[in-house]
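Engineer: After the structure tokens below, expect a handful of questions from me.
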Amino acid sequence: MNSTDTAKAPKGLFIKTYGCQMNVYDSERMRDVLRPLGYAPVDGPEQADLVVVNTCHIREKATEKVYSELGQLKKMKEASGGRMTIAVAGCVAQAEGEELIRRQPAVDLVLGPQSYHKLPEMIARASRAVGDRLETEFETLEKFDALPRERNADGPTAFLSVQEGCDKFCTFCVVPYTRGAEMSRRVDDIVMEARSLAAQGVREISLLGQNVNAYHGAAPAMDGGEDWTLGQLCRHVARIGGIDRIRYTTSHPRDMDDDLIAAHGDTQEMMPFLHLPVQSGSDRVLDAMNRGHTAADFHAIIAKVRAARPDIALASDFIVGFPGETDADFDATMDLVRATGFAIAYSFKYSPRPGTPAAELPRQVPEEVKNQRLQALQALLRDQQTAFNAEQAGKTLDVLVTGKGRMAGQMHGRSPYQQAVHFVGPQDLIGRIATVRIVGSSLNSLTGELVSAHEAVA
Ligand code: 5AD
Ligand code: SF4
């Protein structure tokens, strides 16, 4: 077999089940959730890449029996050159916990009956830890797993990819499996690309990453070579000549650190816009989603961000109809939206991605209910977006002019808050920042009158 064939071959899974009917059922479920990660059953532990010992505590000496079984597996693991992953599940795992790994270090994973839904996450983490790539069968849906496509500079705005992948394992999401472990580009490489974009006339850079504020790229050696945070990176890119505007997307509430928040207040190139997906306003749902934050955490972050930059425009993502979402849970999402006030937000009906833990959850929400909730949420978000745009009327805003508008003589650009702005003006404004007085607004754009234009950069 050549190496390409090996990479595509399914990984061998052997589950040894002890005890009751419940364990038999759990073993089947484990087999199901592992299939999309490329695991297929094999006849014996010798051929397996992953062995799960699903234990039972009911009979006397059960624990000792498990340790002796694990002793055997350890030898096979050694014979496999360490390729085999050993997981212990079931009641002994529950009772012994981490003690199992202390007594038998060949064990890679211990999971109690309450954590089977985390098995894909644990396996993905374990295989990443040994540098393995999982050959997943996740159906990817571009919308959820792709970043906005990178563009070469073909105007005054450009995307610059700084980070890829995700380690968060939200239970609805394919990204941690399909895009792999979180990885940050080196600061030097990013700065080189940013300089080249600036030289091509780019004035606004959007730093991109699936989890962009988890950024932790290696800094230049002359700066100590330690990892930098996104806040440090933004401040640095802001100093590049010609770069007047910096944005970043997409962030996670858990990585919204104080320095990044402070940068919004003290670095004028940081645009007053934050896309911070929250997904739900219900703590119960957030927990089931494995988000690692509560609604109160989100409110606390927003309060800090607003203290640093009072006029910031907030954006977010929401999922309605996550399995088990009740009317009360959905009301909590509506409450969070009302309490926050968004400039724009994206909302989705929960869609089960085969193989992700949430797809296996009971109490999937009926389609009609998802539709009703989505309509209600989107109506509220539309009202907020219209109101946010209307608030700009009468203000004078800096508009980065990106091109010609649809009507004759009209130009098109973006406000600091990311809104589309149309106004009448000369074509040589393209690529420059114009001062525009806003005279009208709608759901999707602003209209204005040209006041003056900033000097073009040399
Ligand atoms: N169902 C519905 N929405 C999803 N998203 C990601 N996965 C799913 C899914 N299975 C949404 C989240 C995320 C955005 C990019 O896509 O809201 O923030
Ligand atoms: Fe997916 Fe984002 Fe959650 Fe990562 S943080 S698992 S990319 S939704």
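Counting begins at 1 with the first residue displayed.
Heads up, the Cβ atoms here are built off N, Cα and C, so glycines get one too.
Source: prediction; values computed, not measured.
Got these off TrEMBL a minute ago, pasting:
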DOMAIN    11-128  domain 'MTTase N-terminal'
BINDING   CYS20, CYS56, CYS91  [4Fe-4S] cluster 1 binding site
DOMAIN    152-387  domain 'Radical SAM core'
BINDING   CYS166, CYS170, CYS173  [4Fe-4S] cluster 2 binding site
DOMAIN    390-452  domain 'TRAM'
Engineer: Could you list the residues of the same chain, at least six apart in sequence, whose Cβ is under 8 A from the Cβ of CYS56 ([4Fe-4S] cluster 1 binding site)?
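Structural biologist: Non-local contacts for CYS56 ([4Fe-4S] cluster 1 binding site): TYR18, GLY19, CYS20, ASN23, ALA62, GLY90, CYS91, VAL92.
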Engineer: Taking the centroid of the Cβ atoms of CYS166, CYS170, CYS173 ([4Fe-4S] cluster 2 site), which other same-chain residues have Cβ within 8 Å of it?
Structural biologist: LYS168, PHE169, PHE172, VAL174, VAL175, PRO176, GLN210
Engineer: Taking the binding-site residues CYS20, CYS170, CYS173, which residues show a Cβ-atom distance to ligand 2 below 6 Å?
Structural biologist: CYS170, CYS173
Engineer: Across all chains shown, how many C-beta atoms besides its own are within 10 angstroms of the C-beta of CYS166 ([4Fe-4S] cluster 2 binding site)?
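Structural biologist: Step by step: centre on the Cβ of CYS166 ([4Fe-4S] cluster 2 binding site), count other Cβ atoms within 10 Å, giving 25.
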Engineer: Please name the residue among the binding-site residues CYS20, CYS170 whose C-beta has the most neighbouring C-beta atoms within 10 angstroms.
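Structural biologist: Per the Cβ count, the most surrounded site is CYS170.
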Engineer: Within the set CYS20, CYS56, CYS91, CYS166, which binding-site residues show a CB-to-ligand 1 distance under 6 A?
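Structural biologist: Qualifying residues: none.
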Engineer: In the domain 'MTTase N-terminal' (11-128), how many residues does DSSP put in helix, strand and coil?
Structural biologist: 66 helix, 24 strand, 28 coil
Engineer: Per DSSP, how many helix, strand and coil residues does the domain 'TRAM' (390-452) have?
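Structural biologist: The domain 'TRAM' (390-452) comes out at 4 helix, 36 strand, 23 coil.
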Engineer: Which residue among the binding-site residues CYS91, CYS173 has the fewest other Cβ atoms within 10 Å of its Cβ, if you could check?
Structural biologist: CYS91
Engineer: Calculate the per-residue pLDDT averaged over the domain 'Radical SAM core' (152-387) and state the result as an integer.
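Structural biologist: Its mean pLDDT is 94.
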